[in-house]
Amino acid sequence: MAGSEAVEDKEIKSAVSSCEAYFEKVQSRKNLPKSLQETLNSAFAGIPVSSFPQVPGGRVIEIPAETPVSEAVKILSDSKILSAPVINTDHESSLDWRERYLGIIDYSSIILWVLESAELAAIALSATSATAAGVGAGAVGALGVAALGVTGPVAVAGLAAAAVGAAVAGGVAADRGIGKDAPTAADNLGKDFYQVILQEEPFKSTTVRTILKSFRWAPFLPVSTESSMLSVMLLLSKYRLRNVPVIKSGEPDIKNYITQSAVVHGLEGCKGRDWFDHISALSISDLGLPFMSPNEVISIESEELILEAFKRMRDNNIGGLPVIEGPNKKIVGNISMRDIRYLLLQPEVFSNFRQLTVKSFATKIATAGEEYGLAIPAITCRPDSTLGSVINSLASRSVHRVYVAAGDENELYGVITLRDVISCFVSEPPNYFENCLGFSVKEMLNR
């Protein structure tokens, strides 16, 4: 086995192991009667995906692979969505989804690209025009230790060349940074720094295809219209997919796009049914929630840099963090990947992103105006809250997580995510995917 294949196989096995460990914990703690769980599985297995409500407007937003990243940001923001399928323009007419779609682009992928590109541009701007061409892998490695922790293969050659091109040929005056380190150079660029990243060549021409190759956040795995909702719910819960595209055999376009949030909205609509009312009336503690201990919850202090918050989300493959203060970890706010639209769409915010604390960033987005969407505060519940009240909070507030707060000081006790809620309702029958969809979990995670 080649070296790269061995590494990839190891990563897949690790991902499968992580999924198995999570779901085993869920099943051992939620304590639903076996007969009820089997009834639920049978019910969800009998609901075809085709019956699930369509996305708003009835049309899935798709982004061509050659779309410039700045335009992709605006499409996501204007459509009020966090992700979209990417069409392979080389095979746009293909009826085979493996050829037609490259994957899913989301804010998570874009923020990683923007932050790392920004840091590379800062390196180029800190050099003289004579030495700028020497920016390369060594500089990236050193920068990774100092700023982002990025030392892996992040299209180093291409991004470094782009940074040099923007700094030297783009007219942003590399001599501004002569004799300064990269962070200092970046801090002194003001709005010109933002223009280097998204408004000037060659960054302006960077496409979604390029970003997708470097920052694939999750597997792209569509299901057919004939599949069951049990398959979708297992993919969204146990196997950690954030969204599942729906296709119809022999037709090119994605027919629907089912997210974790949409499924929890669907569960909320089941009020009045015996099985839902029974489960939703249980306290979260009766169901073993939260599934993580307080010490396992990834959080961010309000005085830490916003750059660190996004880095922490990236490193832990999560979409949001509670903002805390003090030794008791008092919950004072929430930062999520969806907040990145403020960073990318407002040059005055982006130009100073290296110095912004989480608290300052939260203040800025709270006063940004409705054109950028509304900032969402931390939504909390108590350890004795019912599952139904948590589902209501997730659905009515359109949030992805509810923080569990304890004591008089709103101390961080845990977090309940969309994934956790869906996991409370399903379990995986033996060899389910091999029997129902015709492929193994390993194959699924490798796509």
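Cβ from N, Cα, C; glycine included.
Database features, via TrEMBL:
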{"type": "DOMAIN", "residues": "54-120", "note": "domain 'CBS'"}
{"type": "DOMAIN", "residues": "292-350", "note": "domain 'CBS'"}
{"type": "DOMAIN", "residues": "374-433", "note": "domain 'CBS'"}
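When averaged over the domain 'CBS' (54-120), pLDDT in the model lands at 82. Helix, strand and coil residue tallies for the domain 'CBS' (374-433), in that order: 19 helix, 16 strand, 25 coil [DSSP]. With DSSP classes pooled into helix, strand and coil, the tally for the domain 'CBS' (54-120) is 34 helix, 14 strand, 19 coil.
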